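J.: Got these off Swiss-Prot a minute ago, pasting:
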- Thr36, Val37, Arg38, Thr46, His102, Arg103, Lys118, Lys125, Lys126, Glu127: substrate binding site (BINDING)
Amino acid sequence: MTSKRFAIMEQPIVIQQVIDQVVHPHAGAINTFIGTVRELTKGKRTLYLQYEAYPSMAEKKLAQIGQEIQERWPEARVAITHRIGRLEITDVAVVIAVSTPHRADSYEASRYAIERIKEIVPIWKKEHWEDGEMWVGDQLETTSYPEGAPKMEEEE
């Protein structure tokens, strides 16, 4: 497991190690969001997911989300790790840990983080079902790539 607070990795995520990165004496709450691979999506039985990303770009966007959270909730500490590669049903795909002095901010910041991940982080998934497969171009599932994963763009 990496010690980076914002990481993309191929190996299974060790949840406690993500949490440990936000432990702080001023924290009265640590909220942890754990996103897993579910079996049914839109009525189709999922066999597994294949996540791909441009790790350096994705980690920059995760860090950007961390900065946005810091601006909105100045006392928050955030760590986010997203897994790539083949993930089976029930595997952990993403872990978000947020610590704040009070629980309400922790919940809000955690929700903000997952929504922003789905909006701006360049991670794609290929859904494999019993009757086919499809690349999903963004995690909001508004863009698909029937010809395969998107080509790498220039880094910002």
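Cβ atoms here come from the backbone N, Cα and C positions, even for glycine.
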J.: Assuming the binding residues for substrate are exactly those in the record, Thr36, Val37, Arg38, Thr46, His102, Arg103, Lys118, Lys125, Lys126, Glu127, what is the maximum CA-CA distance in angstrom, rounded?
T.: 38
J.: 10 Å Cβ neighbour count around Arg38 (substrate binding site)?
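T.: Taking all protein chains shown, Arg38 (substrate binding site) has 11 Cβ neighbours within 10 Å.
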J.: If you count, for each of the binding-site residues His102, Lys118, Lys126, the other Cβ atoms lying within 10 Å of its Cβ, which residue has the minimum?
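T.: Selected from the binding-site residues His102, Lys118, Lys126 on minimum Cβ neighbours within 10 Å: His102.
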J.: Name the secondary structure element type, per DSSP in three states, that contains Lys126 (substrate binding site).
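T.: The three-state answer is strand.
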J.: Does DSSP give His102 (substrate binding site) helix, strand or coil?
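T.: Going by the DSSP assignment, His102 (substrate binding site) belongs to neither helix nor strand, so it counts as coil.
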J.: List, in sequence order, the same-chain residues at least six positions removed whose CB sits under 8 Å from that of Thr36 (substrate binding site)?
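T.: In sequence order, the residues whose Cβ lies under 8 Å from that of Thr36 (substrate binding site) (at least 6 apart) are Thr90, Asp91, Val92, Ala93.
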